[in-house]
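Visitor: Here it is: the structure, laid out below.
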Amino acid sequence: KQTLLPLLREETSSFIFPCNPALQRPELQHMVLELLRCIPLLLFLLFVCGLDHFIFSILSIIQHHSFIEYSYQTSHHLSVNVMGTSLMAQLLRTTIGALNTSFDTEVETSNLACLPQPTGMTRQQYLNTCLPLGLLALLCLAQVYPFRLRRAIAAFYFPKREKTRVLFLYNKLLRQRKNFLHLQRGRVARQARQPPGLRMSLLLWCRQRWPWLRRCLRRRCILCGTPETPRHQPCPNLGCSALYCESCW
């Protein structure tokens with residue numbers, strides 16, 4: 001409840017507000033870890049796509065530069081002429097004349113059937129391959145919003161446990177504030193013992209010499225660092241230039 005324990009500026013960054021649509025610091029840490037787990041999958045996908053393109057390039061080079069075509073032509077003519085008009089000559093013409101042959105052979109062949117026939121992946125296929133990884137990255141970004149419902153679901157089913165958790169958180173914040181004030185008080189005391197630097201001295205001198213420069217040369221809260229506003233309180237001790245915002249004061 002804001003009226004029970006208003007959060008300081010330093011405490012706000014460590015809590016998750018379910019109604020705030022922006023990603024908050026605790027959620028960003030968890031989201032970054034989930035995205036880092038996607039990096040091995042991305043590297044593996046890039047390796048597989050690169051290997052596929054490399055193998056396709058090699059097979060394509062083999063296909064275009066290893067093509068060989070053979071052309072074989074031959075001609076055969078056999079003719080036996082038997083001269084004369086005798087009976088023996090006529091007998092030879094009828095028997096040996098059957099051996100007369102004539103044929104031409106032309107054969108063309110190639111090693112096209114033995115060559116690889118690679119088919120490269122299209123841009124759409126590459127896109128379909130990377131689409132699941134893109135959806136996984138989007139789920140890592142969007143999962144922070146369903147995770148905010150976990151506390152509400154647990155509080156609905158276990159109301160007594162929820163009260164115990166709220167009380168524990170309240171006491172934890174009180175202890176942290178007590179330790180925070182103790183540490184900051186010591187830090188401010190050590191800073192006050194040190195002489196002001198040249199930059200701080202020049203800034204104070206300019207603010208005193210030209211009051212109209214105060215809008216440009218605004219100081220900051222010594223604890224949380226918020227820029228100076230009319231609600232900021234200066235330290236009442238003489239010689240102390242410390243400035244505090246309303247919550248820190």
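Using N, Cα and C of the backbone, Cβ positions are placed for all residues, glycine too.
For 1-170, the entry in TrEMBL reads domain 'Dendritic cell-specific transmembrane protein-like'. The transmembrane segment annotation in TrEMBL covers 41-62, 126-145. Look at TrEMBL and you will find 219-249 tagged as domain 'E3 ubiquitin-protein ligase DCST1-like C-terminal'.
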Visitor: If you average pLDDT over the domain 'E3 ubiquitin-protein ligase DCST1-like C-terminal' (219-249), what do you get?
Guide: 75
Visitor: Looking only at the domain 'E3 ubiquitin-protein ligase DCST1-like C-terminal' (219-249), what are its DSSP counts of helix, strand and coil residues?
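Guide: Counting residues by DSSP class gives 0 helix, 6 strand, 25 coil.
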